[in-house]
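Asker: Sharing a structure below in structure tokens format, with a few things to ask.
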Amino acid sequence: MWLRGYPQCRDTLLMMALTILMVISCTLQASTSPQPLNQWEYRWGDSPPNVDGTPAWLYSDALEWQSTASPSNPPGRAGHQHLWLRTVLPEGNWSDPVLYITSIDLIGQIYLDDELIYRHGEFDDQGRGNFVGWPWHMVDLPESFSGKPMYLRIFSYYTDIGLWGEVKVMERIDVLKQIIRDSAQDLAISAIVLLLAILATIFTLFGPERRGFGSIALFAYASGLMLIAEAPARQLIASDALMWDTLRAGSYYMLPVALGLLLSHWLEGSAKRWLSQIWRLHLAYVIVAIGLVQIGTVSLSMTFPIFDALLAVTLPTMLMLALLRFPKLSLEQRLLVVSFTFFASLLMTDMLVAHGFISWRPIPLSYGTLAFSIANAAIFLWHYRRTQQTLAMTNETLELQVASRTAELDRLVDELKGLSFEDPLTGLHNRRHFNTVFDHECHRAQQDNSHLSLLMLDVDHFKLINDQFGHDAGDSVLVEIAARLRQHFQGVGVVCRFGGEEFVALLPATTVDQAAEYANALLNTVSQQPLIYHEEPLGLITLSCGVAAFPSHTEEPQKLLRLADEALYQAKHSGRNRCVVWAESHHTQQFTLAPAGVSIGLTTRLNRLPGSDQ
Ligand SMILES: Nc1nc2c(ncn2[C@@H]2O[C@H](COP(=O)(O)OP(=O)(O)OP(=O)(O)O)[C@@H](O)[C@H]2O)c(=O)[nH]1
């Protein structure tokens, strides 16, 4: 039951976390108690100048002045780009009083009595001027300002006109404190977010999930720079408000690009396609808007309402696309959507405040960017860790597979090696192996000056066995003879099948007499044990053997093969079934006694033998 309810429980927890985040951020952002100027009169249009150049409306008690509680966007604008505001400054015991204004839309002049005490932007002869940014304002107030009327002349082609945010008389030191307090949070958060951006950049450059980390980096850079560019303390760093607002616009406009990229990375199907279109649209807007501002075609201020109108459509669309897929998402994707919902709702509220749909209040956008950046970084690190673990496991499996394949290959190589040195019929070593061993033993005998004997054995009249009993019977004889040879010379020397019905036995540390003894014993055994093939006796099988030894017969052990062969020839020639030890006389006899064909055949065979000097 508990498990069945688990997904709902998880969703509830996520929603609770979202709510707590919002409550905490709103509490932390609570503004200081203001001393606002909230009794205003306004009048649309611009004042004509007096003869002395001062605006005529400074002294006007005309009925056109109407009351309002807020100096922002008074009713009845009807296309007006000029507005006059007036109020009476409050009484109080001030030590260093200033007038603090959050923002002026767009340019303005402030008069106290008939004296111009502050200007923001430049008015031309028609009372118009260019946008110069949205800084906060701290207007020095002269002594004995209390109770005096204050006038504001405003020009704005922007959607808003008048004073925006807070307008209050306060001590200069309190303004500075408020600036620092309001900025500290944004600057601290932007520092964290920019740090995340740097980390995400490193992952983008060097790790997998490049696109995901790249999108986080983009979002974090954009939101971090935006927070710095809109922190009130920016004016303490550099006074060029227009420069700050350009940076703010650029980074603000990049937010939906990064958001779209991030969400499209996680979401699938049509949602992904829509999100891709949205971020591309916003990217195009950033390029066009900032480009036109830079070449002076468009006022930066006018790019904000167009962007906000666009965002008012795309942001809820993105939110809707993400929320519609919510039930199908994995836990990490849900976390992303929840943090996005939190951030998007703050962003939308901020837009509503900026355009006067909701009365002015500070919106903790920085907490939204922080929550979203951290959630994303956590998700990607989590994902990254899992990918690394999977990779490590895959590597381990691959390594195991490679090791097992290598072992298998080694085994096959050994098998092949064995096969290439082994005679498949008898299982004895073959001639290739004999050549190696023979070279080695010759070298050793010469070096140690030790004995080395070579026996060359041949089955007598083997052709007859083949002819009489068949090839298979002949094979079985070879197998049987090989077994007896192996057994007979076990521990004494190496036995190899030299070819056909011929065998060799190489006996290290064996004198010629010992070798002859071994040979005779073998020949006796073989000749006394008749062989049977498929219960049929094969008759008497005998061997002939030639023996040669180092150093008894030659000082060059490599010649042993030739000498043993000559002795074997003698054994065959003198009646077979015997062992002949080489003697000098055999060499001459061989060529005297042998018929030409045999001699030529022997010579031809010996040409292939190691140690042959022919
Ligand atoms: N069954 C069988 N026969 C083989 C094999 N290798 C060689 N032979 C036969 O061995 C016979 C050798 O014949 P020869 O060289 O005339 O020698 P031989 O009949 O033993 O006569 P001598 O050596 O003079 O006693 C040939 O008929 C070959 O075909 C083998 O692996 N199996």
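Just so you know, glycine gets a Cβ as well, placed from its N, Cα and C.
Pasting the relevant annotations from TrEMBL:
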type	residues	note
TRANSMEM	12-30	transmembrane segment
TRANSMEM	187-206	transmembrane segment
TRANSMEM	213-229	transmembrane segment
TRANSMEM	249-267	transmembrane segment
TRANSMEM	279-300	transmembrane segment
TRANSMEM	306-324	transmembrane segment
TRANSMEM	336-358	transmembrane segment
TRANSMEM	364-384	transmembrane segment
DOMAIN	450-584	domain 'GGDEF'
Asker: For the transmembrane segment (249-267), name the stretch out of 213-229, 279-300, 306-324, 336-358, 364-384 with the most CB-CB pairs under 8 Å.
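Answerer: Top-ranked stretch among 213-229, 279-300, 306-324, 336-358, 364-384: 213-229.
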Asker: For the transmembrane segment (364-384), which stretch among 213-229, 306-324, 336-358 has the most Cβ pairs under 8 A?
Answerer: 336-358
Asker: Apart from its near flanks, which chain residues at least 6 from the ends of the transmembrane segment (306-324) lie with a Cβ under 8 angstroms of it?
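Answerer: For the transmembrane segment (306-324), the far contacts come to 249, 252-253, 256, 259-260, 263, 267, 271, 274-275, 278, 281-282, 285, 289, 337, 340-341, 344, 347-348, 351, 354-355.
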Asker: Any residues 6+ beyond the ends of the transmembrane segment (213-229) with a Cβ under 8 Å from its own?
Answerer: 186-187, 189-191, 193-194, 196-197, 200-201, 203-204, 207, 244-245, 247-248, 250-252, 254-255, 257-259, 261-262, 265, 365-366, 369, 372-373, 376-377, 380
Asker: Could you break down the residues of the domain 'GGDEF' (450-584) into DSSP helix, strand and coil, giving a count for each?
Answerer: 61 helix, 36 strand, 38 coil
Asker: For the domain 'GGDEF' (450-584), provide the mean pLDDT of the predicted model.
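Answerer: Summing pLDDT over the domain 'GGDEF' (450-584) and dividing by its length gives 93.
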